[in-house]
Amino acid sequence: MSERKVLNKYYPPDFDPSKIPKLKLPKDRQYVVRLMAPFNMRCKTCGEYIYKGKKFNARKETVQNEAYLGLPIFRFYIKCTRCLAEITFKTDPENTDYTMEHGATRNFQAEKLLEEEEKRVQKEREDEELNNPMKVLENRTKDSKLEMEVLENLQELKDLNQRQAHVDFEAMLRQHRMSQEQWQQQQEEEDERETAALLEEARHRRLLEDSESEDEAPPSRPRAAARPNPTAILNEVPQTKRKAEALCSKAQLAGLVVPKKVKTEANGASEQVGVPTAAGAPKSRKADNPTPQTPGTSSLSQLGAYGDSEDSDS
């Protein structure tokens, strides 16, 4: 069996490497690569904006008869994402950038313009200093002044940082928090005072209105008679029961009273009972009664006799 991984290869005795034909490819052969847009651009066909960093499947080729210090220049072909129009741009090794060729316009980039301006100023300065020694001295003086200003600003920043380093931010926050709490407490006290003042004013106004209404009020009407309680009839004692109780009490009182025995006198004055009536006064039914009454009876006996007379009349 042969080996799974062949390490040695067989070369026949008549092997000649020069006889192996070489693959000849065109010099402008294109390769498909994956790249991102190197700058912001706008399509000339449809006006679609293509932002920097958008990915494309591009075709890459080498530009013929163009090079910078032996470095080849490459051209890329992409298609617009909206109208599929072809857009081409190529590398610029001299400025380490890309240049737009066809199909789109490059959008404004302030950073690139700033870099170009700095390069232009630097180049002009070098050209002036090349043949003018006084210009070199003047530029050095300006540079030294500028350096001194920068150092002074840097020292001020350092001093400021040192001053801020000794500041206790926690204490500042606590103080601010305390002041805020005091302000809130003061606001609450003011609200309470205003509320108390409003309540006092309302009470005073109500008292004034009550006094004025009492002065102008009409005389009070008599109160209506109280309505009887509907359940009071349940607690009433029947009239017959009240009469029976009254009779029992009268009989008991009559039994308790004992009339005093008085000797009968011969004259007719002893037969008169009661107090003589005034002249012209009507005689009562008791005066017509011929039954004699004992003059020595007590008030309880008279009360019992008065009750008996009422029962007889009824």
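Each Cβ is built from the backbone N, Cα and C atoms, and glycine gets one as well.
Note on S211, S299: Swiss-Prot annotates phosphoserine at S211; no matching annotation appears for the rest, which is not proof of its absence. Note on S179, S213, S298: Swiss-Prot annotates phosphoserine at S213; no matching annotation appears for the rest, which is not proof of its absence. Per Swiss-Prot, the annotated phosphoserine among residues S144, S309 corresponds to S309. A sphere of 10 angstroms centred on the C-beta of S211 (phosphoserine) encloses 10 other C-beta atoms. Each of the recorded positions C43, C46, S213 was scored by the other Cβ atoms within 10 Å of its Cβ; the lowest score goes to S213. Counting only same-chain residues at least 6 apart in sequence, those with a Cβ under 8 Å from the Cβ of C80 (Zn(2+) binding site) are C43, T45, C46, E48, I50, E86, I87, G103, A104.
Annotated Zn(2+) site C43, C46, C80, C83; additional same-chain residues within 8 Å of its Cβ mean position, judged by their own Cβ, are K44, T45, G47, E48, T81, R82, L84, A85. All chains included, 12 other C-beta atoms sit within 10 angstroms of the C-beta of C83 (Zn(2+) binding site).
C83 (Zn(2+) binding site) and S213 (phosphoserine) have their C-alpha atoms 92 Å apart, to the nearest angstrom.
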